[in-house]
Amino acid sequence: MTAQTLYDKLWNSHVVREEEDGTVLLYIDRHLVHEVTSPQAFEGLKMAGRKLWRIDSVVSTADHNTPTGDWDKGIQDPISKLQVDTLDKNIKEFGALAYFPFMDKGQGIVHVMGPEQGATLPGMTVVCGDSHTSTHGAFGALAHGIGTSEVEHTMATQCITAKKSKSMLIAVDGKLKAGVTAKDVALYIIGQIGTAGGTGYAVEFGGEAIRSLSMEGRMTLCNMAIEAGARSGMVAVDQTTIDYVKDKPFAPEGEAWDKAVEYWRTLVSDEGAVFDKEYRFNAEDIEPQVTWGTSPEMVLDISSKVPNPAEETDPVKRSGMERALEYMGLEAGTPLNEIPVDIVFIGSCTNSRIEDLREAAAIAKDRKKAANVQRVLIVPGSGLVKEQAEKEGLDKIFIEAGFEWREPGCSMCLAMNADRLTPGQRCASTSNRNFEGRQGNGGRTHLVSPAMAAAAAVTGRFTDIRMMA
């Protein structure tokens, strides 16, 4: 039998029908639903007189539009309130396996809530009307975002139409240095292959450095796969995966658990499996990263200087660099560790889990927010993350440092709620995108790890966390 990649196994086990041109009907196991991309889909079902094909495949929460402060005042923005209220009504009418509404203890960012509830399991196909659905590939699952019309199609048929992507292996060999996190690995990879490097591919991450990551680190890495242009990102199942899933609310139990684990252990690329493309990187080459421009690929290690567009020979790239520097208000040659910040945001589906908050708290402990830093927002990814952080006293560390301890939600990752930048504000952010206006009109976003963000908060500028022992 031909050796298969993990992607081959996941894809082939979910093909319902294949046409001559390679288009397939792909069966979907888990559908994650939030308030932004679901209203039109539910409305389409109503107009056609249809019901959900499988109610028990749907897990839902409100996250994009929910405020992360002053919950006693409710949702003030009328459009945001309408979307959240509409989700409430639609779930009550159509049903779901689980629904965590606004202010529920389990509510949170869909890509944080799903895994912590055990709604994401190895071997599944997982879709959501959100581009960062690739996060769930960390479990040895095939996960990717879909558009609103596909949301409706999945609700009605439990399938999507798709064509198989090419396969790519990105291996990081060796051991990561102290102070280097999964976020740094993700940004480094994107810096090396570019934001189009993974276009048309399903990416499997492998190598010693990847296997050493926790599940939360793997989720961060797979979350960022889309920023390299990939359709999906995934990590093979190992004991780390199985240990994380065990005893989660929606994980199998008893004999079903034993059978599931037996199957899950097969979710690895076979020896000799051939990928369409491979990249290999050395973990020793990766340092703490900071983006300097308006694309995740515009990234360098903290010891670098802002690049000079004049040294770029490609005229298209040179023009892009010039525009980025103008928007970001930076001058070529400026050391990254001399760039001051106005705002710090620690949160998002990339970096708002308990390990992320622990990393940030370790830096913030016994330190204070720098005088030039206007605000530091700490936004846990879910109510359960918030609860755990408070049990560990992390909230007290943040508050004593002068940071804001917020309620769960997508928050300042994107300007769809009350948390946003104003024109010209420079933000050290643990989110996944640094596009123009992503965090607010005219806002300037620098992507970093949680520890690097916390370091910027207490020093007032980008700082190598390895210098803060």
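Cβ coordinates come from backbone N, Cα and C, glycine included.
Here is what Swiss-Prot says about this protein:
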- CYS349, CYS410, CYS413: [4Fe-4S] cluster binding site (BINDING)
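Reduced to three states, the DSSP call for CYS410 ([4Fe-4S] cluster binding site) is coil. When Cβ neighbours within 10 Å are tallied across all protein chains shown, the highest count among the binding-site residues CYS349, CYS410 belongs to CYS410.
For CYS413 ([4Fe-4S] cluster binding site), other Cβ atoms within 10 Å of its Cβ number 29. Sequence-ordered, the extra residues of this chain that approach the [4Fe-4S] cluster site, with Cβ no more than 8 Å from the Cβ center of CYS349, CYS410, CYS413, are ASP63, HIS64, ILE109, HIS111, HIS132, GLY347, SER348, THR350, SER352, GLY409, SER411, LEU414, SER431, ASN432.
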